[in-house]
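Data block below; observations after.
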Amino acid sequence: MAALRGAAARFRGRAPGGARGAAGRQCYDLLVIGGGSGGLACAKEAAQLGKKVAVLDYVEPSPQGTRWGLGGTCVNVGCIPKKLMHQAALLGGMIRDAPHYGWGVAQAPHSWATLADAVQNHVKSLNWGHRIQLQDRKVKYFNVKASFVDTHTVCGVSKGGEETLLSAEHIVIATGGRPRYPTHIEGALEYGITSDDLFWLKESPGKTLVVGASYVALECAGLLTGLGLDTTVMIRSVPLRAFDQQMASLVTEHMAGHGTRILRGCAPEKVEKLPGQQLRVTWVDLTSDRKDAGTFDTVLWAIGRVPETASLNLEKAGVHTNPVTGKILVDAQETTSVPHIYAIGDVAEGRPELTPTAIMAGRLLAQRLSGRTSDLMDYSSVPTTVFTPLEYGCVGLSEEAAVARHGEEHVEVYHAFYKPLEFTVPQRDASQCYIKMVCLREPPQLVLGLHFLGPNAGEVIQGFALGIKCGASYQQLMRTVGIHPTCAEEVAKLRISKRSGLDPTVTGCUG
């Protein structure tokens with residue numbers, strides 16, 4: 001805490017609007033490297049607290065040449081375009097349901113070009129909005145590629161090669177990450193795309209192979225299937241490894257039952273372009289060693305992400321990274337191995353790769369450096385949602401993690417299979433709509449985790465996340481009156497435990 005107070009005091013002592021340093025060097029109170037969600041939040045908060053702040057941001061084009069504006073992964077090639085395309089896919093299902101509700105709606109084909117144009121225009125409006133927000137808060141924006149010169153100095157190189165030297169008392173690294181390419185696979189880099197490219201395609205990707213078991217892989221595959229495209233997911237081992245595995249199985253089961261082909265236990269070996277511009281992919285079945293091949297219009301790699309640290313010259317500043325992951329090592333205060341250099345968001349070791357956590361961490365860091373608070377970011381019980389066709393929202397521990405931490409005899413799991421009311425009239429399949437509440441067995445049965453698979457999962461989980469963060473018990477949730485008729489009310493009606501062995505299927509209504 002003494003070090004924190006000292007850093008804050010030095011930061012507070014610098015006059016805003018500072019002067020140029022030696023040799024034309026520009027001096028700031030705070031430099032933020034990276035114009036994504038976390039970096040922008042930190043920069044805007046610090047500026048609002050009276051500091052002279054600069055943001056350095058540069059987007060290296062993807063191997064396929066895709067580039068975008070200010071705002072980072074979430075705005076440009078992540079959460080925002082993904083959710084909009086997910087919504088487009090859900091609308092397709094609603095159109096198919098419409099006749100059952102009395103609407104004589106024609107089943108029109110989907111136009112990728114129209115959707116892509118609308119999504120890209122919205123993203124560009126957000127890029128512009130970020131520029132305006134920085135300008136309004138008097139944050140200086142540099143569209144340059146940054147690298148460290150020493151512990152307090154950064155060199156920014158523009159697209160035209162012009163160099164700018166900038167110094168600051170404090171520096172925040174918020175460069176995020178980029179999709180990983182399997183460069184050991186022949187043709188992967190030349191012919192494959194990633195989520196960095198998908199949302200900026202002007203034409204439909206057509207028949208698509210998605211390689212990977214991450215939430216990015218399943219979300220992309222799900223929305224492509226929902227838009228009417230022939231889509232295959234190739235999974236080497238375990239889908240959604242970081243999530244509750246029962247829920248992960250239900251997610252993939254639902255996808256497989258609703259049009260997405262899933263190849264399990266397979267690994268690609270080669271991608272080659274055919275004369276007609278299609279791609280031939282050769283893969284091996286890891287259980288039988290049998291080789292197979294298929295033809296696709298697009299191959300999308302979703303096998304994980306790597307931190308954007310390679311070009312930062314971190315060694316010049318003495319900033320340490322994890323040699324395995326490449327991520328920057330930080331403590332609870334987001335401080336790196338250098339006391340006045342910090343890292344937040346996806347680039348930091350051990351942090352959730354989630355936009356809201358990066359934003360909150362950035363704001364809290366700016367407030368601590370300005371002496372406004374000593375509060376640290378709490379990374380426990382962070383809610384999240386996987387936007388697959390049937391959405392999966394969760395907060396807290398998975399069943400596996402709870403058992404590993406507390407022991408099976410000390411964990412009680414309440415669960416239910418339920419049918420959303422809106423699924424009844426069109427007779428939609430609801431066999432994977434499922435809720436699971438993981439609790440300590442001893443009264444009052446503290447809730448350790450909540451998992452929800454069904455429509456609007458993110459909206460459902462957000463509300464319960466507050467209760468779980470505040471230490472809600474199973475008994476308290478069972479005494480919470482639900483809103484009827486909703487899917488969310490089923491959470492407050494979980495009476496069947498796994499231990500009981502009783503059928504958890506919800507029957508009846510209004511009683």
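In case you wondered, yes, glycine gets a Cβ from its N, Cα and C as well.
For Cys74, the disulfide partner recorded in Swiss-Prot among Cys42, Cys79 is Cys79. For Glu45 (FAD binding site), the nearest neighbour among the recorded positions Cys74, Lys316, His484, judged by Cα separation, is Cys74. Separating the Cα atoms of Asp29 (FAD binding site) and Lys316 (N6-succinyllysine) is a whole-number distance of 20 Å. Of the binding-site residues Ile33, Leu49, Ile33 has the largest number of other Cβ atoms within 10 Å of its own Cβ. According to DSSP, Val53 (FAD binding site) is assigned to a strand segment. For Cys79 (disulfide bond), the nearest of the binding-site residues by C-alpha distance turns out to be Ser37; the candidates were Ile33, Ser37, Ala41, Asp57. Between the CA atoms of Ile33 (FAD binding site) and Lys316 (N6-succinyllysine) there is a gap of 15 Å. A gap of 7 Å separates the Cα atoms of Ser37 (FAD binding site) and Cys74 (disulfide bond).
When the neighbouring Cβ atoms lying within 10 Å are counted for each of the recorded positions (Ala41, Val53, Cys74, Cys79), the highest count belongs to Val53.
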